[in-house]
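K.L.:
Have a look at this one.
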């Protein structure tokens, strides 16, 4: 008898549309892998989540939610209480990764290089620039590059107008160079991919619009640097306590003549996209792992923690 898998998707975060696409694509792959699949469009109401889980009676929950509630430990906590195994990382790892300031502190303590940065509060918004330009301003707990600003010379800073929902944001030095991402599956890296985009950086549109970005797999960097990027991705996965699949985003700064390139960890995504243009399925395919095989492995690795 095949396992029943409930796919949680949608949600009420800024990444709702992406989650709907991830959930639909994952559901199709799960059916191809032989599972009995139910789809649930989940909001931020824990009582509604409990009702949906009770009605669908899954053996495993496939969490295709992105952003707040689905990615920050809330859904994971509810499923832990219900005793229903679920894919991706557990409560603590999810909460840690979603808080960018806390995650970068864990990375630094594990010897993983991070950009210079600090947390700025709403009350600091009218002060001088928090860091030398160029710098990056990002919400502490959003994904898919939602609400990210790059502040360059002769550009207005968003801080005085404060177009953010939260009272705190993270400000980091902008790292020039190239955009890399590395997928981790269990305790091994699937490889490193370079992303190029005409948008200047890998923003929401570049991530999810067809043709918004170009992917180079494997990343065309020296073998030693490629291996180091893989090592850092696994180290970050372990520093956060992740399980299942994660994706580490890094910068590769090879812009200084006469200086060796440097790798800088930006963040780890514990709920990487599962859309047709998503990176983890692409990197898995490069290793000969089909999308149905990938989601089957994720279901087999599901647990409560």
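Glycine is treated like the rest: Cβ placed from N, Cα and C.
On a predicted model such as this, the values are computed, not experimentally measured, just so you know.
Per Swiss-Prot, the features are:
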- 104-300: domain 'ATP-grasp' (DOMAIN)
- 131-181: ATP binding site (BINDING)
- 249, 267: Mg(2+) 1 binding site (BINDING)
- 267, 269: Mg(2+) 2 binding site (BINDING)
K.L.:
Looking only at 138, 152, which of these binding-site residues has the biggest number of Cβ atoms within 10 Å around its Cβ?
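P.N.:
Result of the Cβ crowding comparison: 138.
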K.L.:
Counting only other Cβ atoms and using a 10 Å cut-off, which of the binding-site residues 131, 159, 166, 180 scores lowest?
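P.N.:
So among 131, 159, 166, 180, the binding-site residues given, the one with the fewest Cβ atoms within 10 Å is 166.
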K.L.:
Just to verify a number: CA distance, residue 159 (ATP binding site) to residue 249 (Mg(2+) 1 binding site), in angstrom, no decimals.
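P.N.:
The Cα atom of residue 159 (ATP binding site) is 24 Å away from the Cα atom of residue 249 (Mg(2+) 1 binding site).
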K.L.:
Quick one: Cα separation, residue 269 (Mg(2+) 2 binding site) versus residue 152 (ATP binding site), in Å?
P.N.:
26
K.L.:
So which one is it: of the binding-site residues 173, 269, which has the fewest other Cβ atoms within 10 Å?
P.N.:
173
K.L.:
Quick one: give me the count of other CB atoms within 10 A of the CB of residue 267 (Mg(2+) 1 binding site).
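P.N.:
Total other Cβ atoms inside 10 Å, all chains included: 20.
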K.L.:
Taking residue 249 (Mg(2+) 1 binding site) as the reference, which of 131, 138, 152, 166, 173, 180 (the binding-site residues) have a CA within 10 A of its CA?
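P.N.:
Hits: 180.
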K.L.:
Whole-number Å distance between the CA of residue 173 (ATP binding site) and the CA of residue 267 (Mg(2+) 1 binding site)?
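P.N.:
Each residue's Cα considered, residue 173 (ATP binding site) and residue 267 (Mg(2+) 1 binding site) end up 14 Å apart.
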K.L.:
Taking Cα atoms as reference points, rank the binding-site residues 131, 138, 166 by distance from residue 267 (Mg(2+) 1 binding site) and give the first.
P.N.:
138
K.L.:
Look up residue 152 (ATP binding site) in the DSSP assignment and report helix, strand or coil.
P.N.:
coil
K.L.:
Which number gives the other C-beta atoms within 10 angstroms of the C-beta of residue 249 (Mg(2+) 1 binding site), all protein chains shown included?
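P.N.:
Taking every protein chain into account, the count is 21.
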